[in-house]
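These come from Swiss-Prot:
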type	residues	note
BINDING	Tyr40, Tyr177, Gln181	L-tyrosine binding site
MOTIF	45-54	motif ''HIGH' region'
MOTIF	237-241	motif ''KMSKS' region'
BINDING	Lys240	ATP binding site
DOMAIN	351-414	domain 'S4 RNA-binding'
Amino acid sequence: MTYQPKSDFMRVMMERGFLADCTDYQGLDEAMSKGVVPTYIGYDATAASLHVGHLLNIMMLRWLQKTGHKPITLMGGGTTKVGDPSFRSDERPLLGAEQIDANIAGMKQVFSSYLTYGDGPTDALMLNNAEWLDGLNYLEFLRDVGRHFSVNRMLSFESVKSRLDREQSLSFLEFNYMILQAYDFMELNRRYGCRLQMGGSDQWGNIVNGIDLTRRILDQEVYGLTSPLLTTSDGRKMGKSQGGAIWLNGDMLSPYEFWQFWRNTTDADVGRFLKLYTELPLEECDRLGALAGSEINDAKIILANAVTALLHGPEAAQAAEATAREVFEKGGAGEDLPTLTLTTDEIGDGISVVQLITRSGLAKSGKEAKRLIAENGAKLDDAPLTDAGLMIDADRLAAPIKLSAGRKRHALIKRAD
């Protein structure tokens, strides 16, 4: 794309690789060059924490605020009750109100690490769409809002079409999600002057619906901007690892494990991830991404430290690096490693290493743990673990032991005092 942006925000989006598509590049850029543009991203409360897959859009909101605009983080207290069908192969399980509220409380912990909330013109707002969705009158909603939507057009969106092409059913409940998200954009424009919705490229159809509805009912010019759906260079979906989701909440994934995820970045992804997930200057990102051989490991440590410091703070990043050095360079058992603490009742007369490997998260099942041992991939206190029938008693746990799966995944096992 040859367009040269006027606004700092659009320049950052283009230069650092955040931009997949925009409904009106020049119109949005012009608006952002003239004043504050309130902008929202919606987050449905499907889990108690956001994960690394959400981090790209969170960084977009951070850059938005840093370049003089107002971020709105919209919690989906209402839309979560319906479930977004975009590019899913099945219907989302429906959550109860208590679970949704608990998930929202967990999700909120992350945003204050990246955004400044308050009452100022560029201070972030945190809202919940249950505020306007829960009280809707269904018949009035159909008459006033539903009449503006063409079913033919909704069926043409790739997010819906791909599901129907696979002959997988799409419930009427899910089909309504697109209308509710469009209504969110209109309400945010009406109440808070919101002029831009951002999201992943899988949200394009939902965003366009919101733009059309806002124009039709409020006669307001609003915009949409999407980010690419990231995969790693080896084709894995961003935000997943062999051990499961990479959660952003520290109580669901320790800062050390989060740091280690970034330290294990594939060589080919380092430069790109530095641009997207850190605030290092572009020239430095390019320099670090071009390193080769053993030097690329220094770039990975810089990446891990920068990303972890943004989320968990500089001290947590430094502690994670120190733990990693102790574990990998000195063979120690760093205190910040993921830790499983067992009571004497849980240990009983002894607990098997297979159970310990599974319960510590180093394997997803007993079968996987046994295979890990059989293939010489497990270690106990840095010594090869070859006996899947080995039992660990309470005396052995008087001091912590370290279990390892491969070279990069470790956990401490401790006895409760």
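Even glycines carry a Cβ here, placed using N, Cα and C.
Sequence features annotated in Swiss-Prot and their locations in the structure.
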{"residue": "Tyr40", "record": "L-tyrosine binding site", "Cβ neighbours (10 Å)": "25"}
{"residue": "Tyr177", "record": "L-tyrosine binding site", "Cβ neighbours (10 Å)": "23"}
{"residue": "Gln181", "record": "L-tyrosine binding site", "Cβ neighbours (10 Å)": "27"}
- Note on the structure: Among Tyr40, Tyr177, Gln181, the record's L-tyrosine-binding residues, the widest C-alpha separation in angstrom comes to 17
- Task: Could you give me the DSSP helix, strand and coil counts for the domain 'S4 RNA-binding' (351-414)?
- Result: 19 helix, 20 strand, 25 coil
- Under a three-state reduction of DSSP output, how is Gln181 (L-tyrosine binding site) classified: helix, strand, or coil? helix
- Task: Over the span of the motif ''HIGH' region' (45-54), count residues by DSSP class, listing helix, strand and coil in order.
- Result: 3 helix, 1 strand, 6 coil
